[in-house]
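*Asks:* So TrEMBL has the following annotated:
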TRANSMEM  13-33  transmembrane segment
TRANSMEM  45-62  transmembrane segment
DOMAIN    49-498  domain 'Major facilitator superfamily (MFS) profile'
TRANSMEM  104-122  transmembrane segment
TRANSMEM  134-152  transmembrane segment
TRANSMEM  158-180  transmembrane segment
TRANSMEM  192-213  transmembrane segment
TRANSMEM  225-245  transmembrane segment
TRANSMEM  306-330  transmembrane segment
TRANSMEM  371-393  transmembrane segment
TRANSMEM  405-426  transmembrane segment
TRANSMEM  447-467  transmembrane segment
TRANSMEM  473-494  transmembrane segment
Amino acid sequence: MQPSVSVSSSFKFGTSFAVFFATMPAGGFSTAAGGAEFEAKITPIVIISCVMAATGGLMFGYDVGVSGGVTSMPSFLKKFFPMVHRRIEEGGDSNYCKYDNQGLQLFTSSLYLAGLTATFFASYTTRRLGRRPTMLIAGVFFIIGTVLNAAAQNIEMLIIGRILLGCGVGFANQAVPLFLSEIAPTRIRGGLNILFQLNVTIGILFASLINYGTAKIKEGWGWRLSLGLAGVPAGLLTIGALLVVETPNSLIERGRFEEGKATLKRIRGTENIEPEFLELVEASRIAKEVKHPFRNLLRRRNRPQIIIAVALQIFQQLTGINAIMFYAPVLFSTLGFKNDAALYSAVITGAVNVASTVVSIYSVDKLGRRILLLEAGVQMFISQVVIAVILGIKVKDDTNNLHNALAIVVVVMVCTFVSSFAWSWGPLGWLIPSETFPLETRSAGQSITVCVNLLFTFAIAQAFLSMLCHFKFGIFLFFSGWVLVMSVFVLFLLPETKNVPIEEMTDRVWKQHWLWKRFMDDDGEDRRRYAEEPVKAVGVNGRGAAVKNGQSNGNGFDSVSYQL
């Protein structure tokens, strides 16, 4: 479910939600889109809270990376997928079809289907219970799933464990990015959000390293250790959820104004939090006034945003990245690498993924979104075509002539592909939707974004090994063809959003685009209606309770007013 970017002062709100391989929260609200600076210190409690919360990304990344490694271990296959193990040992089938098994693919893909389902429940708990309890629920799911996987005695126990891990992914990916966005001071919000995405890539790398080590255990229980070590990040996330503070946004959203104000003072390290607190109160009021966000998404003026958000999620998966990251050891084994070499090659690609994620941090606000996506399109297209040509010539159904030099070329091309994705479609597939949806539909829009991403992640994970069997080397031509399609889409239909404030996105981006401007006809009228509404005063009393238009909310306070 792929990096964050440095935050430019002109649109801090959009990039504050950052870019993550995983998901965007569907519940909750954030402060104004203008990116105003408030007085805040970088307090130890903020750093500790963010580090602990970001272990949800480590857990997600570990689950992504570990499955491909254990499915290439003979002892694991012999116990749970004896047909696949027998097929590999006997060597009678096509090189490309050795791992073609629906149950084996379900072991990997079930996590994402469960995550998709859990997202809907997590959206509710994030709003109603808070970010902290939602992270705790995720940690519990992770721990139970890890125990079932490590102790699995049959395929049913294994799949149930993966489903529970998927539920953890759904809850963690809802709560953690939102928690990070809300707890961090504005000026470092983007940087702290990077922790989530970096932990995803680091989790994948750690899983590859652990698989490489456990595969050498002769007694055949190495796969249990690989799956069981997922309990480390699961435990960290659970402990972290118990130790961290709830976000002021969540407390205010649930009407607990006094607690919200006290927490804001604590995390900001200053008594001067009144402006930020008032803005949080007003943002909460505005968010609650949006009665039908999903219905609003269907309005004509919101169609460009939803089309681009959905297309980016579909295209992100059709690059083939998750197929490679899920099944890297299996893929390299299919191409003729020995088991150790396959796992070692997966470690290399994992390391490239981590390093390249950092590149996007420094480049996305300088070069822009379109440039990165188009450059990566060329890089991904060439690397996949080269891989397809080499495999088409050297790796046949029953023979493998992939010599060392060519094997190195294949690994280099895979790394070239992974690196280009990690600084383009990985982060930007999440960033662009988060900064283009207007405030009144951002929650619903990101819910749709998350669901589409998880749905196609599941589809690719479930189908890849079968596609590899039937398409053979053509699987890389299949993905490269989609890379060409998505690059054309970016060239003609994706506007540049670099350095554009969120509140000016309509006028400076959508109304200037050759196609999307025709969908913006009714936008100006809506904006004018909101602008002409009578100014409402929102305030707080000495104890932090909100008041409106000089009226107390029932607690008898009306001491401070705030004009919008």
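Using N, Cα and C of the backbone, Cβ positions are placed for all residues, glycine too.
I would like each feature placed in context: is it buried or exposed, what are its neighbours, and how far apart are things?
*Replies:* The list of residues near the transmembrane segment (45-62) in space but at least 6 beyond its ends in sequence, with Cβ under 8 angstroms from a Cβ of it, reads 1, 20-22, 135, 138, 142, 168-169, 172-173, 175-176, 179-180, 183-185, 192, 195-207, 229-230, 233-234, 236-237, 239-241, 243-245, 266-267.
Confidence across the domain 'Major facilitator superfamily (MFS) profile' (49-498), taken as the mean pLDDT and rounded to a whole number, stands at 86.
Sequence-remote contacts of a segment are chain residues at least 6 beyond its ends whose Cβ falls under 8 Å from one of its Cβ atoms, and for the transmembrane segment (192-213) they are 2-4, 16-22, 46, 50-51, 53-66, 68-70, 73, 176-177, 180-181, 183-184, 222, 225-226, 229, 233, 325, 328-329, 340, 343-344, 346-347, 349-351, 353-354, 357-358, 361, 422, 427.
Using a Cβ-Cβ cut-off under 8 Å and counting only residues 6 or more beyond its ends in the same chain, the transmembrane segment (306-330) has close neighbours at 2, 64-65, 67-69, 71-72, 99, 108, 204, 208, 211, 297, 339, 342-343, 345-346, 349-350, 353, 380, 384, 414, 417-418, 421, 425-426, 428-429, 432-433, 436-437, 445, 448-449, 452-453, 456-457, 459-461, 464-465, 475-476, 478-479, 482-483, 485-486, 489, 493-494.
Same-chain residues lying 6+ beyond the ends of the transmembrane segment (371-393) with a Cβ under 8 Å from its Cβ atoms: 319-320, 335, 360, 363-364, 402, 406, 409-410, 413-414, 416-417, 419-421, 423-425, 428, 472-477, 479-480, 483-484, 486-487, 490-491, 494.
Same-chain neighbours of the transmembrane segment (405-426): 2-3, 19, 21, 201, 312, 315-316, 319-321, 324-325, 328, 332, 335-337, 345, 348-349, 352-353, 355-357, 359-360, 363-364, 372-373, 375-377, 379-380, 382-384, 386-387, 390-391, 394, 486, counting only residues six or more beyond its ends whose CB sits under 8 Å from a CB of the stretch.
For the transmembrane segment (447-467), the residues of the chain that approach it from at least six positions outside its boundaries are 1, 23-24, 26, 99-102, 104-106, 108-109, 112-113, 115-116, 119, 123, 170, 173-174, 294, 297, 306, 309-310, 312-314, 316-318, 320, 322-323, 326-327, 330, 429-430, 433, 475, 478, judged by C-beta separation under 8 angstroms.
For the transmembrane segment (473-494), the list of distant contacts is 96, 308, 311, 315, 318-320, 323, 369-370, 373-374, 377-378, 380-381, 384-385, 387-388, 391-392, 395, 425, 432, 464, 467, 515-516: same-chain residues at least six beyond its ends, Cβ to Cβ under 8 Å.
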*Asks:* Let me spell it out: take the transmembrane segment (225-245), skip the flanking residues so only those 6+ beyond its ends count, and list any with a Cβ under 8 Å from a Cβ in it.
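*Replies:* For the transmembrane segment (225-245), the sequence-distant neighbours (Cβ-Cβ under 8 Å, at least 6 residues beyond its ends) are 45, 48-49, 51-53, 55-56, 58-59, 62-63, 66, 69-70, 132-133, 135-136, 138-140, 142-143, 145-147, 149-150, 152, 161, 165, 168, 172, 179, 183, 203, 207, 210-211, 214, 217, 263, 266-267.
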